[in-house]
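If you look up TrEMBL, you'll see A:ASP36, A:ALA37, A:GLU38, A:TYR39, A:ASP40, A:SER85, A:LEU86, A:GLU128, A:ARG151, A:GLU188, A:LYS307, A:LYS331 marked as NAD(+) binding site. The active site, N6-AMP-lysine intermediate annotation in TrEMBL covers A:LYS130. For A:CYS440, A:CYS443, A:CYS464, the entry in TrEMBL reads Zn(2+) binding site. Taken from TrEMBL, the feature domain 'BRCT' applies to A:738-810.
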Amino acid sequence: MAPIPDDVTARAAQLTALLERYNHEYYVLDAPTVPDAEYDRLFRELQALEAAWPALRTPASPTQRVGGTPVPVFESVRHAVPMLSLNNAFSDLTQDDFAVRHAEIIQFDERVRRGLGRSDSPVRYAVEPKFDGLAISLVYEHGVLTQAATRGDGLTGENVTENVRTVRTVPLRLATSQPPALLEVRGEVLMLRRDFEALNAAQAARGDKVFANPRNAAAGSLRQLDSRITAQRRLSFFAYAIARVEGATWPDTHQYEMQWLEQLGLPLVVPALRPVVEGVEGLAEYYERVHAQRSTLPYDIDGVVYKVDSLADQARLGFVSRAPRWAIAHKFPAEEALTVVDAIEEQVGRTGALTPVARLRPVAVGGVTVTNATLHNEDEVHRKDVRVGDTVIVRRAGDVIPEVVGVVLERRPMQPVAGGDLFSPSEVPLHPPYRIPATCPVCGSHVVREEGEAVARCSGGLVCSAQRKQAILHFAGRRAMDIEGLGERYVDALVDLGFVHSVADLYHLTLADFVAMKARSDETASPLAEAEVPGAASSSRTAPTRWAENLLAGIAASKTPPLARFLFALGIRHVGESTAKTLADWLGSLERVRQAPAPILAALPDIGLVVAEAIAEFFAEPNNAAAIDALLAAGVRPQGEGLPAAALAEQLEPARLLTRMGIPRLTELRAGQLLAQAGSLEALVTLAPEQLPVAWPEPLRLAWREWLAQPERRALLAATAHQRSALLAALPAMPDVSANLPLAGRTLVLTGTLPTLTREAAQALIEAAGGKVSGSVSRKTDYVVAGEAAGSKLAKAESLGVPVLDEAGLQALLAGTMAGGEAAS
DNA sequence: ACGCCTCGAGTTCT
DNA sequence: CTCGAGGCGT
């Protein structure tokens, strides 16, 4: 290749420098000094030079902001310094008292001052808005941007360098003649509100999908595999931290860090929004000020961030389970909005539960458009007195789920009443108070509400198509049989068109069935029509069976589930994952679970009479028995341990079993006396009245005789005795050794996202080590394992003094090398 | 009998 | 995540 003439190299360098300066003036300083046309002219000149001499085209060239070749997939990038998330503090602005309103600020400041051993002098804090965008890490080597990565799980992110290069405010080269050998900057990529609106307008005009909020638009744009698309989207960047410096002096306060970054040409938020303040009053004042300004800012924020300004002090404070002790995110309270209830409809759940749902006029709350909100149950609707036509206050509670806070009664639609006078109102509400319907909206069966229960249920059982669909969906669910690809759309179509009546039918479906189903659902324009991929109109001839093959493969692959998951999949009332696991662990086979009478089941840990009877009734019900037999006949083989648990003998002590028969006033002590008289469970049936224990008072003797009088109870007693013997005979010869495992008898709670383990993987490891994973923190919790974005459970652990571990701590515990955890402050 | 704790069930939107 | 309800220890 011909060498590049010196004058060309010089001109290219000159153009690059000019374009970089104009870029910075335009996008970062918002103060252009040249007309756009001049910029475009220089830009095209540089492009032309680069076209003639491609060697000039470096990654740092301003021409490279237009995006390059699409990548098949983002490669992953390991962060040299982990990208942490901050602990959260929440505010409740409904309180007036300063101490109450700013309790989180006061607590944070106290923790900081305690940690620094500084009781009187106020701490200096660098404060800034908490952007609602995507955290990004930028690496500059000798002043040139060489890598940009998303946060990912904090340890490993995605390499999005090509995309970030197209973000106009990100300098491709640092504005200094003596750049550090290495500089890693952390900041946020986001979309300004005006850019978001323009983008959505353009998307809508083109008939493309619009984004729900700027955050989603930014995320969607940044994660484009084709960076040319990213280049067309107006993304912005704000820097807020330095992660690594080599070959330069690291400033000693956060404030100086920011000043340095600004000198290097990195965009920062306007100075007024990032002051250094002192003490609690300074933090509170800043919080109030930004909160008040929130809606007028050019971008979305979801709170503010407080950081101890001195880096030496930051170092002294250190970290608790991967979140810094010297910084905290203070979130604004949930946003509320007003909207109108168009209708109240009922959803029918798997158990037949009718749940009233408010259909709302679409309204934006906290970044998403809300159209539905659950009203939980009839009582709840009455408590809030929500009616059709009402204007209601909607909030996104905690983080996601929309909630109707209350009704604005002044706006309730009314109608005049004839003959109204001083003593009777002249108008009444247009709509009556809500009533749960008397019949199921799906199948018309009557609706029953048990005495003392909050939920109303459709009595139709599996006759009700809604219940059937939900039962099948539950059966196929990820935590149950895990049939891949069988989602709501297919279940709806399969049931509506009569291809599937019960779960066993799934295993008899053929390719021909699916093709027929597809044909019929196309005719009837059922929801399946929407399942087609864009442009599938022509491909429905060419590859009509691909999805069906996948589905059939998914169904076939689900034939050998672990017993616990199979039991859970059956959808027995009161039997969730945990109870299903108890049954599987203790009894070891489907047959033993099916045959166990209620008292045996109630002898197992955490299973009482209510649950035991629900299980026994489920298996006794002929329809259910037939459905299970059909599954077995179709080749479904739940995988059990084969043997009951060795410790079962203790659970099945005859006196214990007797107390679980549902006999009134029979305590364990009295059951023991009774057994001493009879000699064995079997002999109880024939025990003569005069042989009852002498210590028994007359009412008890009467209660016993009355209970035993019914034949089915004598049968239950006999069946229980029989099953007990059978189970004991099947017990394994060797006692189990689980007591020696490192986490035997320990209860752990997982919260947040762990850096490398998934929640399921962590749970599996803990259980393999003999421990138990629970969902909520209490005094009985031995450890809380906290990851990224840990929430209320971490806070609760700290308030109860429960030790908090990070993933490394958990691994140490699993290895049995650690006696205790790192205690939280 | 009471109260704590855990589990089950239902839910929204992208 | 939140509520309601069942299980179990006190």
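Cβ coordinates come from backbone N, Cα and C, glycine included.
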Would you count the other C-beta atoms found within 10 angstroms of the C-beta of A:ASP36 (NAD(+) binding site) for me?
10
Distance between A:LEU86 (NAD(+) binding site) and the residue listed as 'active site, N6-AMP-lysine intermediate' at the Cα atoms, whole Å?
10
Report the nearest neighbour of A:LYS307 (NAD(+) binding site) in space among the recorded positions A:LYS130, A:CYS443, A:CYS464, comparing Cα positions.
A:LYS130
Which one of these binding-site residues has the most other Cβ atoms within 10 Å of its own Cβ: A:GLU38, A:ASP40?
A:GLU38
Three-class DSSP secondary structure - the residue listed as 'active site, N6-AMP-lysine intermediate':
strand
Between A:ASP40 (NAD(+) binding site) and the residue listed as 'active site, N6-AMP-lysine intermediate', the C-alpha gap once rounded to whole angstrom
35
Chain-internal residues near A:CYS443 (Zn(2+) binding site), provided their CB is under 8 angstroms and they sit 6+ positions away:
A:CYS458, A:GLY460, A:VAL463, A:CYS464, A:SER465, A:ALA466, A:GLN467
Whose Cβ lies within 8 Å of the mean position of the Cβ atoms of A:CYS440, A:CYS443, A:CYS464, the Zn(2+) site, other than those residues?
A:VAL348, A:GLY352, A:PRO441, A:VAL442, A:GLY444, A:SER445, A:CYS458, A:GLY460, A:VAL463, A:SER465, A:ALA466, A:GLN467
Would you mind listing, in sequence order, the residues at least six apart from A:ARG151 (NAD(+) binding site) in the same chain with a Cβ closer than 8 Å to its Cβ?
A:MET83, A:LEU134, A:ALA135, A:ILE136, A:SER137, A:GLY157
Compute the average pLDDT of the predicted model within the domain 'BRCT' (A:738-810).
78
Where the distance is taken from Cα to Cα, which of the binding-site residues A:ASP36, A:GLU38, A:CYS440 turns out closest to the residue listed as 'active site, N6-AMP-lysine intermediate'?
A:ASP36
Under the DSSP assignment, what numbers of helix, strand and coil residues are found in the domain 'BRCT' (A:738-810)?
26 helix, 16 strand, 31 coil
Reduced DSSP assignment, A:CYS440 (Zn(2+) binding site)
coil
Under DSSP, is A:CYS464 (Zn(2+) binding site) part of a helix or a strand, or is it coil?
coil
Greatest C-beta neighbour count within 10 angstroms, which of the binding-site residues A:LEU86, A:CYS440, A:CYS464
A:CYS440
When you measure from the Cβ of A:LYS307 (NAD(+) binding site), how many other Cβ atoms are you left with inside 10 Å?
22
Under DSSP, is A:ASP40 (NAD(+) binding site) part of a helix or a strand, or is it coil?
helix
